[in-house]
Protein chains: 2
Amino acid sequence: MKEIKGTIASPKGFLADAVHAQLKYKNLDLGLILSQVPAAIAGVFTTNKVCAAPVLIDRQIVKKGQARAIICNSAVANAVTGEQGYANALKTQKLLAEKFELKAEEVAVCSTGVIGVQLPMEKIATGISKLSQNEGTAAYFAKAILTTDTQTKTINFEAEIGGQIVNMAGVCKGSGMIHPNMATMLAFITTDAKIAQALLQKTLSEIIETTFNQITVDGDTSTNDTVLLMANGQAKNNEILEGSSDYLLFKEMLAKVCQSLAKQIAADGEGATKLIEVTVKGAPNDLTARFIAKKIVGSSLVKTAIFGADPNWGRIISSIGQVANFEVSDIELKLQDELVLYHSTPVDFDAAFLSEKLKEDKIEIIADLNAGSGLGQAWGCDLTYKYVEINALYTS
Amino acid sequence: MKEIKGTIASPKGFLADAVHAQLKYKNLDLGLILSQVPAAIAGVFTTNKVCAAPVLIDRQIVKKGQARAIICNSAVANAVTGEQGYANALKTQKLLAEKFELKAEEVAVCSTGVIGVQLPMEKIATGISKLSQNEGTAAYFAKAILTTDTQTKTINFEAEIGGQIVNMAGVCKGSGMIHPNMATMLAFITTDAKIAQALLQKTLSEIIETTFNQITVDGDTSTNDTVLLMANGQAKNNEILEGSSDYLLFKEMLAKVCQSLAKQIAADGEGATKLIEVTVKGAPNDLTARFIAKKIVGSSLVKTAIFGADPNWGRIISSIGQVANFEVSDIELKLQDELVLYHSTPVDFDAAFLSEKLKEDKIEIIADLNAGSGLGQAWGCDLTYKYVEINALYTS
């Protein structure tokens, strides 16, 4: 398996495009992913009870398990928009289906942006009419889905699976925010692997737990969060079957794609200057390890300490203690590979030296709880003045 | 029942004092509350698995249910200090008992401040030797327990209960933070009411749920959080019995004291410019209402929007949706008494006018979920540049 350069349309049989539909002032804002043949589609959605209209539609598509296209707009979230919002999402689906001669129920729809505002359907219609199946425009897609993200987020892998080179591509946006909205995370993954939809969904659901669900920028879950994964079989590999070595490789590739995208989102968190990676070892089980890791990386006190390059280990230990449901009396803690706590006892360390190391743009926190073999990781970012500025100063 | 001026020693039979034991550079740092007769003592403690040495001791005292004194130091938390820390807490207890001819096991011990540092026992001993039973120094206690709090936090009430005037006094500290530590909340309540210890504990535990447990500054729970309540019976009232009208009045007084202290902590949250009060109505039950209220008031997105006086209702609705485990399709939402959402549909409102109202120093958010009769409140503060500064810039 190796990482390669590419776009979301690099897997065989996929095309992608994007246009400026005038939802944003001047940037690309309407993107398309199209599979030339029907693809198995798997998806995972926000658990927010207030979910956007497109999420309702996509849940149905994933339930049926087959799709040809994904249409995604930025700038307007189509959330808290009532019946008209739902009708607009259906209309978007229909317009795209007509344009490319697809069935409407094979078109997934995604939106990210302002809450409580209706989609401007004339602009959407005009935008859709301009989308094409030309090659060479696939890289635009990654730009069209951004809101206040500072950079595009993509990843491509290939591996030999079932006798063929199988490609997988991922693109996502996250942590951007548009007034009056909250961060939305959207991720799209394409692969030309041949794999049954049920297994695809099972694998995605499993991997989400250790990747996208382990990032946090500000602890809030959006109304629109969506991960969609399409597999169109055009690599012509022998079908990937559960339990096979091919499956393990495919699963590893999907995990790498999801982890890469998740970390890119964390690193581009609003106002972030540093990516924080927390590894918890020695927990009673993996689930507990992940839970503790996420608590640490989500702690405002830890996040501000990291911003200030302050080796403030007390805050990390306190985070562990808050969520541990077992004895934590033998903790070993490392910051940037420097030991600061051993057998739960403070270790003398060179604070100035460690503070310098905490100025790097990737911060590693490793806690060994010596209470089992559970392992978990989580990713986040520091909490900065810029975060407050971005989120406070819309109207004033 | 009425609010009165007073100190923690206003209830009959209590004395209080504080000295500068040189734990802090120059401010009061060692405080004493003393009951002239044995008092029933109730307590509630941090759920953090990493808890400080004094918490271990106080849990035992509350289990026995009787105490004469509380000794509290600031500057050093005596947390993550191992066996020596525990021995130092016992020594503190013993020194105070000797000084005032008490039994050691009737002296509760509290600490707040730096984690991972041992108490300087010579300074503690010298400090204790200077504590006196003089009157007139009781107001000092509220100062001695502060860390980076910007003001003292006290409240006094009196009511006629069981044929006598019963006094209740509360003092607390919270949201302060000293390197390398996290916020600690300590609250002490005294009353001269006559009430059995078991009922006292039951009442305190119940009221904590709707008061101290409903405030959040940054979502972190300290290793040292402690609420202690002493009742010494010196009002000579007829004993307060469960189910009586006297009990209801006593409970109401305790609730008022706890709510007042909790709100004072929230308003003095690190870097805060505004107190935020969230009221959730129409939830399936009170517990759910409280949970949702706390989620809203703890949301970084809501907190920054309030700081920026931004009427960003989408973030509030999203917070509700994240934690609701029932249908939320008919929400009515008011900010500063202005309706912004009705039947889950956006209402046209004057954003500039509302933004002006959001510049006040108390912000009220009221959400009616129309899904039952559950009611809950929570309190917090805005998230500001100052918060980031306080918590980031210790070492740099």
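Glycine is treated like the rest: Cβ placed from N, Cα and C.
Annotated active site, nucleophile per Swiss-Prot: B:THR184, in sequence order, evidence recorded as sequence analysis. What Swiss-Prot records for B:THR147, B:LYS173, B:THR184, B:GLU270, B:ASN391, B:SER396 is substrate binding site.
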Intermolecular Cβ proximity, binding-site residues B:THR147, B:LYS173, B:ASN391 versus chain A, under 8 Å: B:ASN391
Cβ neighbour count (within 10 Å, all chains shown) around B:ASN391 (substrate binding site): 27
Spatial separation of B:THR184 (active site, nucleophile) from B:GLU270 (substrate binding site) - C-alpha basis, Å: 12
DSSP three-state assignment for B:GLU270 (substrate binding site): coil
Candidates B:THR147, B:LYS173, B:ASN391 (binding-site residues) with Cα within 10 Å of the residue listed as 'active site, nucleophile': B:THR147, B:LYS173
Local Cβ density at B:THR147 (substrate binding site) - other Cβ atoms counted within 10 Å: 22
Residues near B:LYS173 (substrate binding site) in space but at least six apart in sequence (CB under 8 A): B:SER74, B:THR112, B:ILE145, B:LEU146, B:THR147, B:ASP149, B:LYS153, B:THR184, B:MET185, B:LEU186, B:ILE265
Neighbour tally for B:GLU270 (substrate binding site), based on other Cβ positions within 10 Å of its Cβ: 26
DSSP-derived class (H/G/I helix, E/B strand, else coil) of B:ASN391 (substrate binding site): helix
